[in-house]
Structures are given as structure tokens and as C-alpha cells.
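Lifted from Swiss-Prot, the feature list:
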DOMAIN    4-68  domain 'J'
ZN_FING   133-215  zinc finger
BINDING   C146, C149, C203, C206  Zn(2+) 1 binding site
REPEAT    146-153  repeat 'CXXCXGXG motif'
BINDING   C163, C166, C189, C192  Zn(2+) 2 binding site
REPEAT    163-170  repeat 'CXXCXGXG motif'
REPEAT    189-196  repeat 'CXXCXGXG motif'
REPEAT    203-210  repeat 'CXXCXGXG motif'
Amino acid sequence: MARDYYDILGVSRDAGQEDLKQAYRRLARKYHPDVNKEAGAEERFKEINRAYEVLSDPETRARYDRFGEAGVSGAAAGYGDMGDMGGFADIFESIFSGFGGVGAGTSRRRTGPSRGDDLRFDLKLEFREAIFGGEKQIRITHLETCTTCNGSGAKPGTKPRTCGTCGGAGQVRRATRTPFGSFTQVSVCPTCNGKGQVIEDKCETCGGNGQAQVTKKLKITIPAGVDTGTRLRVSNEGDAGQQGGPAGDLYVYLFVQEDPEFRREGINILSEVKISYLQAILGSRLMVNTVDGEVELTIPPGTQPNTVLTLENHGVPRLGNPVSRGDHLITVLLEIPTRISAEERELLEKLAKIRGDRIGKGGIEGFFGKVFGG
């Protein structure tokens, strides 16, 4: 008994076209004969193609839903007949373009210039470095074009020859007949590994790769206002390209270390300051730490616990516009003494009487509760 086409693709019976397409891409890549050499993979691949051919067409899908396999016998074209398959041919070609594509029209030369790979470098910054920016020196290792052979991979005085297997195309084609039609498979040339050239006398410096690993120092400019997750791009500092292609880029990912005193919230900086109950009642002026150094902070009379006071323009510069800065927000914490002298107690009790506060049972703590809204 034939397997259910929905089960073959691993989708529900109400799956939409996008769900079908995604399932097909995933399974076709997994079971393609060039990728999967296990026994039964080719038959599984044929099942997947048959199921997608039927279900991707609304008309044949409707017949299949009503009559099953009997309703679509002979309806599918088979994956060798790309001319009548419309969108199916497009998706099939796009899926396998990574290893050669399918059909006579999909052959692509792999020779010629190719861009180098991009590289990633993780960089830790101190809290203040992220706020104000500056320069950092880093050490990276990347591939550069071999200076001995100028990237050809061949020993100086010699040059690569055209691959005799693929004729310089970098790909070979193999025609296979299946129950579903003729299948032309294009794959990377096994002789030259897709380069189209064979190096007989390899460069002694790079071993025929045309590239060599080099460790170098770079100065990175850190803009003011960066944060964890900010990514900086350094052009052309990735791996060198091949066959004269451009180099890739270096991407520097920033990670900002925590500060024991300050926290960051967007472009604002947060910190705390402890004051005495007398400073809270009478008001005060005191020096507090900011990223710019010590700054005078005014404590208004009657300041309540957890009041947030603002020092404008002492926060983080706005990334891309360092003239504009956030604020420094300071949370006021109140220090209530656990012990006081007899003289202090006497004075506080006199003050409580003047205010008309009863402090009998709660003692002087009850007085503080009244004063600070407790």
C-alpha cells in the first residue's frame, strides 16, 4: 500500500503551500543521492518528489484528497521533465544549486573570483570604554593571499593547468534514467574540487592553497555609546578571496563588562546614594561619583526614601550623535541609625513633642515613620 503523501512530507492535511515548500526543501536536501549515500535514500528521494508534485498543485491535490493515489495516477510529470513543472522546477533548482543544480540549464562554473569568508571577533569592554569610546588594539588570525605565488597556488615559474576531467568548468554532469524520467545531475568535479584547474607543482609556502594564515594587530575605533551586542564592521579584514576575489569583512561583537557602582539603562546611567535622616529632613549638598568624575548633587529638604534625582547630561552619549547624552539617575537611600546617643535621643524626643507625635509604644522608630511617610 502506497504511503500517504502528507505523511511522506511530514505535514498535516491542511498544510499551506509555504509549509509544503519548506518541508520539501528540508527533506529533498536530506535524501538527495549526492548527499545521502545510505541504502534506500534514492527511493525516499523519489517518494518526496512525487508527494510534492501532487500536493503542490491545487488540482491534483484535490483529486488526491478525494480519491487517493488512484485519482492522480499518471498525473505527475516526474522530476526529469522540468519544462512542464513551473514553480516546482524553480524550487527544485534552487534547493540543489549548492551542489550543482538539476537539468541542462543549471550548470554553473565554480572557477573565477570568489569572495573571502567573513570573520567574527568578540571584544570585551570596560563600562567607561563603552560610554566614551576610543581605540582598542586586537590581534586576529586570518587568511591572506600567499605572497610567494600571488594566490595561484602554483610554484613560482609554473602555473596551474586546466582540469582534464571537467574541461575547466569545475563541474561534471551525469545523466540518469529513472521511472520518473531523465535526470541530469550536475556535481562538483572530484578531480579539481570545483576549481577548474589542477596544480601539479604546488607552492611550497602555501601548499597549493594560494592563501596563508597570518596573525596581525589591528586598531579598532570604538564609537561612544556602544553597548553589549553592538557589532562593528571592519572592511576587508576577513579571509582573503580566491582567484582575485575580494576579501571578506571582520565583524567585531562588543560585550560590556558590569560596573560595581553604575548600571546602564539605554542611554541613562543608574546609581544609588545613601544619606542620613538629617540630610533627608534638612536637605544637603554632597559630591557623588559619575562617569565624568565627582559632581555636586543637591538633596532637597524633605527628600523621601527611594526618591530619584537627576543629573542631566551625565549619562551615555547617544550612539552616532555623541553630543546628545542621557542622564544620570540617582536613587536616594536613607540610612536610619540603629543606635543613637542619649543626647541625640533627648533632642529627637523634644522634636517629636514639638511636632505632636506620640512615640510611646513605637519609640523613636515610630517618629521616623511619621517623618518619612511610613
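Count begins at 1; order follows the chain as displayed.
Glycine residues also receive a Cβ, built from the backbone N, Cα and C atoms like all the rest.
Swiss-Prot feature annotations superimposed on the structure.
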residue : record                : DSSP class
C146    : Zn(2+) 1 binding site : coil
C163    : Zn(2+) 2 binding site : coil
C189    : Zn(2+) 2 binding site : coil
C203    : Zn(2+) 1 binding site : coil
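Other Cβ atoms within 10 Å of the Cβ of C192 (Zn(2+) 2 binding site), summed over all protein chains shown, number 25. Mapped onto DSSP helix, strand and coil, the domain 'J' (4-68) counts 46 helix, 0 strand, 19 coil.
Sequence-distant contacts of the repeat 'CXXCXGXG motif' (146-153), counting only residues of its own chain at least 6 positions beyond either end whose CB sits under 8 Å from a CB of the stretch, comprise 159-160, 199, 202-206, 208-212, 240, 242-244. Excluding C146, C149, C203, C206, which define the Zn(2+) 1 site, the same chain contributes T147, T148, N150, G151, S152, G153, A154, K202, E204, T205, G207, G208, N209, G210, Q211, A212 within 8 Å (Cβ to the Cβ centroid), listed in sequence order.
For the binding-site residues given as C149, C206, the lowest number of other CB atoms within 10 Å of the residue's CB is seen at C206. As a summary of secondary structure, the zinc finger (133-215) carries 0 helix, 39 strand, 44 coil according to DSSP.
Residue environment of C146 (Zn(2+) 1 binding site) contains 21 other Cβ atoms, counted within 10 Å of its Cβ in all protein chains. Apart from C163, C166, C189, C192, the Zn(2+) 2 site neighbourhood in this chain, defined by C-beta within 8 angstroms of the site C-beta centre, holds G164, T165, G167, G168, A169, G170, Q171, V172, P190, T191, N193, G194, K195, G196, Q197, V198.
Taking CA atoms as the reference points, C192 (Zn(2+) 2 binding site) and C146 (Zn(2+) 1 binding site) are 20 Å apart.
In this structure the alpha carbons, written CA, of C146 (Zn(2+) 1 binding site) and C189 (Zn(2+) 2 binding site) are 25 Å apart.
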